[in-house]
Amino acid sequence: MSRLIVVCIVISMICGALSLSSTKMADEKKEKDEDEKPKISGGTVIAAGRLTLDLLKTLLGTLGSISRKIAIGVDNETGGLITGNNVYFRSGTSDDILPHRVETGEALLYTARKTKGPVATGAVGVFTYYLSDGNTLAVLFSVPFDYNFYSNWWNVKIYSGKRNADYDMYHELYYDANPFEGDDTWEYRYLGYGMRMEGYMNSPGEAILKITVMPD
């Protein structure tokens, strides 16, 4: 009888050790998988196939608890290289450097936010990229501070030749060049120069903007 009890105790100890070992191995595998997951951050370039609305929401979360912020993804399907030029901010700022080289089949990620502190600003600006044909792609984003008077807006335009983002470009894209309201709707537009675009922006103060530029 005593031998049976000893055998049972030994078996129980072995099973416990195996269970603990399996749990440890599972935890180590989970940690390894997490480490191997491609990290996302603003100011980077990813494969275009990875650019989804969910990825932009994840990117938005990296900015922390800021009430006015935006995560932007632009999928380059133009057939050529696009080269980052400059950013103009009407309000707010960014912690990112505009990605410099985005090959066709790649997507750029960029984030912007309101200025930190108790200041009544949103995240509003324009950035530009030079296309391989020598023209300029401009992207407007606008996440206002006060939703009693304003809404989210965005726009995309191709300018002839090389242009810098500045106040005049912002003013044209926001007021005159038929901007799109960020109202959770997909939009489509012919851009000229043999290109067209499709894009989506949502309506909250924590916004995402996804744009694809492609041949017409």
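Cβ from N, Cα, C; glycine included.
Annotation source Swiss-Prot lists signal peptide at 1-19, citing sequence analysis.
For 40-49, the entry in Swiss-Prot reads region 'Plays an important role in the hemolytic activity'. The average pLDDT the prediction assigns to the region 'Plays an important role in the hemolytic activity' (40-49) is 96.
Among the features that Swiss-Prot reports, region 'N-terminal region' is placed at 48-67, with the record citing similarity to another entry. Same-chain neighbours of the region 'N-terminal region' (48-67): 38, 40-42, 73, 75-77, 95, 105-107, 109, 111, 113-114, 116, 200, 205-210, counting only residues six or more beyond its ends whose CB sits under 8 Å from a CB of the stretch.
In sequence order, Tyr88, Arg90, Val124, Gly125, Val126, Leu140 are the residues near Tyr170 (phosphocholine binding site), counting only same-chain partners six or more apart with C-beta under 8 A. What Swiss-Prot records for Ser91, Val124, Ser142, Pro144, Tyr170, Tyr174, Tyr175 is phosphocholine binding site, and it gives similarity to another entry as the kind of evidence.
Swiss-Prot lists 142-157 with the feature region 'Trp-rich region, which is important for the binding to lipid membrane'. With DSSP states grouped into helix (H, G, I), strand (E, B) and coil, the region 'Trp-rich region, which is important for the binding to lipid membrane' (142-157) comes out at 0 helix, 7 strand, 9 coil.
Residues within less than 8 Å, Cβ to Cβ, of Tyr150 (site 'Important in the initial contact with the lipid membrane') and separated from it by at least 6 positions along the same chain comprise Gly122, Ser142, Pro144. Annotated site 'Important in the initial contact with the lipid membrane' per Swiss-Prot: Tyr150, in sequence order, evidence recorded as similarity to another entry.
In this structure, the binding-site residues Tyr174, Tyr175 were compared by how many other Cβ atoms lie within 10 Å of their Cβ, and the smallest count belongs to Tyr175.
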